[in-house]
Every structure is written in C-alpha cells, then in structure tokens.
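Single-structure report; data block below.
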Amino acid sequence: MSQDFDEDSVPNYTSLLEAPGIEKIKFSLLNQRQKTKGGKAEKKAERERNEHRKELLAAAAAANFSLGGSVNNNANITINSENLDKVSNLDSVASFNTVKGASATNVFNRRGSRIGGIGIGDITGQIGEINMMGYAAPDQAANGIHLRLKSRAFIFSSLHSENHRIVYISSDTGMVSYFAKRMAVNLIRDRLKTNIYTESNIMICATHTHSGPGGYVDNLLYHITSLGVIDEVRTAIAQGIAESVIKAHYDYERNKKMDFASKLIIKSGSLTNSSVNRSPQAYLSNPEFERSKFKTNTDNEMTLLEIRDSSSNSLLGIINWFAVHATSMNSENHFVSSDNKGFASYLWELEEKLNGNINFIAAFSQSNSGDVSPNLVGPFCKDTGESCDGNKHSCKGDITKCVSRGPEFENGGDFQSTKVIGTRHLLKAKEILSTNDATALNLTSDKLDFRHAWVNMSDINLNLDGKSVKTCKPAMGYSFAAGTTDGPGIGLAYQGANSTIDTSGLLNIVRDFIKSPSEEQIECHFPKQIFISTGEVEFPYSWQPTVLPLQIFLLSPSFVIIGFPAEITTMSGRRLRKAVKDELLAKKVIHDDAKVVIAGLSNAYSSYVTTFEEYQVQRYEGGSTIFGPHTLNAYIDQFQRLAQSFSNLNFAPRQSPPPKFIPNELKYLPKVILDTPPLFKWYGDVYVQPPKEAKHLDVVKSVFHCSHPRNQIVGKSFCSVEKLIGSKWIEIFDDSGWDTKFLWERKGAAESLCTVSWSIGETHPVASGVYRLRYFGRHKILHYLGEHDGASDPIKVII
C-alpha cells in the first residue's frame, strides 16, 4: 500500500525555549549533520556536531533548564515558525510537542538494513478518586502523580520494502485495552491519511504497572472496582499511543527522505537480584526433568535490542525485555507511577538527555512474568513476621496479612523499593549494552514480517497424547479471590483452593447470585473451584474475553517477538518460546541462533496462563487461568499455526471476528459538580509554606487550597518547580519526573487540599539558587470551569 506523505503536514521541530528576562536560548539541538561522504569529512562533521551539542547544553545548563520533563506549559514553550526546508539537511532535531506532552526522536543512520522512527507520548489520563488498575482494591484511588505514564513507539521496516512496517509499543499501563488500541489506530489513520499502520502490524505491550488509573480495560470483570468504564482514561491512553506513533512516523519519513538506515543489535545477560517466584509450590509441580534444564524458577535472562546510528555508532534507543511484575508500588499507594520498569526508563532517558542525547528513548518491556514478583522480602505475616504463602493456614487464617515487600521497604517504603529494582534493571541493561558479547546478534538481514490472528480461545479442540481435550468458557476460581502475596484479596478465600472443602459459604452465595456454574463448566475447569463462571454471564455484556489477538513479529531471521494477550508464567513462557522457535526453524524461517522473546500482556487482556501441572495446584495464577487446564496447550497450538503461516498461509489459525465496541458500557463514577474554597480563601492560596532554606536531598513541600484534579486538562501538569533567574521565574521541572510529587485530598464535601513536594536533586541535579513550588488547576461550579494557579514563598537552595 502506498504511503500518503505530505511534507507540509510534518510538525515544525525547531523550537525555542522562552526565558523571560534573558535572551532566547536556541534549544533545538540541531545536530547539523550533512550527508557527507568519506571518513575524514564524516569525522569532521561528527566533531562539529559534538561541539554544537556542548555549546547548547552549556547554555541550557546556565539557565538550569530541565531536559527531561514533558512540555505542556505553553507559557514557557513556543514553536518557531521557521521554514521546514531548513530541516531537510539535518539528521537530528529535538522535538517539543504541544499535544499531551508527546515528543519525537529520530533514527538517522547512514548504513544498515532498516529505516526506523521513535516517538513518545503521555498516557497518564485523569486522576482524582479513580480506582487504580491492577490490584482490584476498591479503596486504592489515583489521587496523585509521581511518575507520569508513557507510550514509547518504535517503527521498523526493511530498506527494500519500506511500506511493510511493524510498530512495537511499550505502554505504561496495567493491561492493554483492545478498544483503546483500535481507537489509537483510527486516530493514526485519520491524522496521517494512510492505512499503513493497522491492528495487525502494531503490537502494544503493557509494562503492567499497578499504579495507573483504571476504567479502560474492555470486559466487565476488569472495570467493576472502577465503577465501570472511564472514557477520559481510555481516550487519554488511545491519544497518547497514537501521538507516539505519529511522532515516530514523522521521524521515519524524514529518515527515508534522507536515505538513512538504522543498525539493530540483540544482546542478553542475566539479572538475578530483582525477581522471585511468588508461587514456587505451583512451579515445583512441573516435571522434574523439565525443571532440571533451568537453574532458577524465574526467567532471569534480560534481552536488549539496541538501535544505533550506523555511521557514528551513537545510541538512539533500546527495547528491553525482562520478566517481573511492576508491583514494587503496593496496593496502599495512591500516586500514579510507572513503577520499576518506568523508573528504569525515566532514569536512562534522563541520563542520556543530560549528556546531550535528548532524543533517546528506553523501553523496559514486560515478558513472561505471571508468577514473578519484584518483592524480594517475604512473604511474611504483617503482625507476627512469621513466614506464610497465602494458603489457608497462613497468618492464622487471615491471608490479608500475608505479604511480600520490596528490598528497601523498611528504609523508604514502596518508593525506595521501586527505585532499587528499577535501578537494578537499568544497571544490568547498561552492562549488557557495553559488553562485546560474542553471542550478540547483528540484525543485518532486511527480512521483516508479521502475523496477526483473532482466535476464539474458548473453543479449541486438541489431541494430547492420543486424548481429545478442549478449552473451556472463561471462569475464575476461588483462589483468584485470594489475591497474591503482592496484593492479598478480600480474606474470604485463599490460594490453593482446588477442592470443594476450600470454598467459602459467603462467596458461594455471591457465586450463585451471579450465576451458578453449569455441570459442563465444573467438569471442564476441574480441579478449579469456580467462583465466577464469567463465560456463562452475558449481562449486561461479556465479563471476560473469548476471542483474542495472537501476534508474531519477525524483525529478522535472528529475532522474533511473540505478542501474548495474557500474563503467562515462567515455565509456560519457556514452553511457548521453544514451540514457536522449533516451528520457525522447521520451516527455515529463522536461523539456529535466533532469539525469541515474549511480549506479555500484549494487545488485549485475558488474565493468566499456567502450565497444566501448575493449574492443578490452583494458586492465584491457576485460579485466574480462564480457559481451563489446557489453556497453555491451546495457545501453543495456535501460535505454532501462526508460526507455520510465515512459510505457508494455509496453516494460519482459524480466524474469528474481533470484539465489537460495546455501546452501553457501565459508567457509574460520579461526575465532579462543584468545587469550593474555604471562607475568605481562593484556589491556589497557600495553606502550608515550604521552609525558607533547604539543601541537597531535602524534601520541601507546600500545601495549596485547590480544586478537584479531574477538572484539569488531561496531560497538563499539576505542579512545577521554578527557579529565579534575574527577575523572572523559570520553570525547570513539571510533574512528570521522579523528584516531584503531587497529591490531592478532599476536605469536606467540595473543598480540596493539594500537596506539591520536591526531593531536591534526588535524580536530576540542580544548582544553588532561589526556587519556588507552583500549583495549577481548574475549578468547577456546575458548568463553569475556571483556571487558577498558586505559588509558594521562595526557597533558598544551597547545594
């Protein structure tokens, strides 16, 4: 299909940073790399480019501007209207975008087998009394922001078939909503006036943070605790994903026009201090001969895809796959956070930006993490400290007390644990990057392909060892209600409920009120004790999915990505990878040394997948394996068919129609009607001032009279840190980074207090000077919305 590309539609990427009271600092970081040929000329151009970077960075550092935040504050960012044709000879342009904080980066390379583009967008959405997605804890509401959620998009094609593209997206969400993906694809098509990007060649992998706003996942079971669907959250995700792809597309088109190609390298290494198996009892049920092939009960291999400039070898971006839950932030947290994987991305991107590589993007993606936790301490009973495992004898029968915690929880709570696990991710990834490993795979072939199929996973018939078996309609077991040691459930069920004596009388009443499972379901799911027979309930619409998207990306004969629509356990992932690789090898599609990775929680969400043996134990993961004991074998069968279709399309899985949008989804979250300030006060007035002086690593706070945060424009920062330069206050941070926090709390019926805090220099260095904290919001009185802001007293910071 031909690409409709209108150069006039490309956003102007030349930006000026407005600094009142001082001269405009040209902040476009135009690398001014000419299309030179020959070694000496190219080296000279590289030296000139580096000198230009240093000059611009020195100028920015003099004003102490942040290179790492989003740029939603139009008071400080303006878009220069210089002609775009001046950009045509440049190979890298720093983009500051005015929509949802998205920014674009460029993959400009002279020699290689790929054309590529990279983009990033904000997908945080609304906050304020919105239930978080992940733990299903009704009292866990997103009332603050610590690390904004991002979509990181990577476009690849071969040089000889540039319209045959694949798009890999790492999304800081708990799960992937198919409806949000479809909305994003429509937005991309409408914006770019092309159908080159579709549901089939876009793969969206969720990092699985449990600290993002909920209400966006498609089926009823997954948005009960959020009181139904929240359109603003789902729309923000779709728009941010679309924006990241659109920015990557503009990069791609410019690269194509300039005849640059990228160099891709696959490396791997072992990270052993960041994950534990949270259901070792289930893992031990797998055959001993199989377990003996592996040293650990988690997959410790980290896989890294480098994207480099072929001529200068400079690093442009990375995609990383490592299997561990993003649950360093626990169910008592109320700050939006991209958790350990998001912190690793944030810290690496910040470091590269401070060193002048402002276009760099690092995606830390998810893999087969179904039974893998980052909480290395425990599990233990919170009251006694005794060991526990979430079974019926744990903590004298009160499993709500049986928890695991992160490695630094005692010294700094969830935030410190997140920082430690994320830092370990980062250090290992950088170690892998710097290693000249003989097993590294240079993706020199320009072969690139993809397969995508919608499959009804509730209706798969198999022949296993001469026995006919089948998958089941979806159902969740009692051990699902027990939760995990990362986040215990309601206390009326426990893990390991695989017989009728393990059921709860009260939960039985709830079960029968919803729908008593049929005898066919009971037999099909055995030994699972069914709590909710979701596949037999269609009121008011489907509770869980049956038709799911299966996807495989062939980035070269040396690298394969499996897009898997659920949380898959360690051993299940090992079996799936091997089956897919063996099939592709048999059809001579890939090389013997090819690397196959699983992108878990991709494109849709359908709870968990365990091995047949793990399913018998009925830990949380087994109780949440919705298609019964043969779920994994069914997925392996269908992915093998998908792999066979790379050599013969006749072997593709039997397709089913994709889900349709639901016209009357439940939406019961109350709207914000009225904000009121206290008597004789106004929105933005300071309630508590910060200290007058502070030093490095101090945490300074200011509390403001404020409004409900759901009134704020989605994507706009709630707070900032400003520095006094001359006689003007200049914003240096917004609410997108680690060092700032924003927290809202309701006071009475309609009053609000908002706390803005800043951990001085914790991750982003700052100089001595005078600073202040700012707050931004919108108040609502019935149908009227008015903007307001506030500023704290000055803080003298001494470094």
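Think of each number as a place in line: the chain as shown, counted from 1.
Cβ atoms here come from the backbone N, Cα and C positions, even for glycine.
For 29-51, the entry in TrEMBL reads region 'Disordered'.
Annotated compositional bias 'Basic and acidic residues' per TrEMBL: 39-51, in sequence order.
The feature domain 'Neutral/alkaline non-lysosomal ceramidase N-terminal' is assigned by TrEMBL to 117-636.
Taking Cβ-Cβ distances under 8 Å and a sequence gap of 6 or more within the same chain, the neighbours of His208 (Zn(2+) binding site) are Gly134, Thr173, Gly174, Met175, His325, Ala326, Thr327, Gln366, Ser369, Glu567, Gly600, Leu601. Here TrEMBL flags His208, His325, Glu567, Tyr608 as Zn(2+) binding site.
Counting every protein chain shown, the number of other Cβ atoms lying within 10 Å of the Cβ of Ser373 (active site, nucleophile) is 24. According to TrEMBL, the active site, nucleophile annotation covers Ser373.
According to TrEMBL, the domain 'Neutral/alkaline non-lysosomal ceramidase C-terminal' annotation covers 640-793.
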Winner by Cβ contact number (other Cβ atoms within 10 Å) across the binding-site residues His325, Tyr608: His325
For the Zn(2+) site built from His208, His325, Glu567, Tyr608, further residues of that chain with CB within 8 A of the site's CB center: Gln366, Ser369, Gly370, Gly600, Leu601
Inter-residue C-alpha distance, Tyr608 (Zn(2+) binding site) and Ser373 (active site, nucleophile) (nearest angstrom): 15
Overall pLDDT of the domain 'Neutral/alkaline non-lysosomal ceramidase C-terminal' (640-793), taken as the mean: 95
CB contacts for Glu567 (Zn(2+) binding site) [other CB atoms within 10 A, all chains]: 27
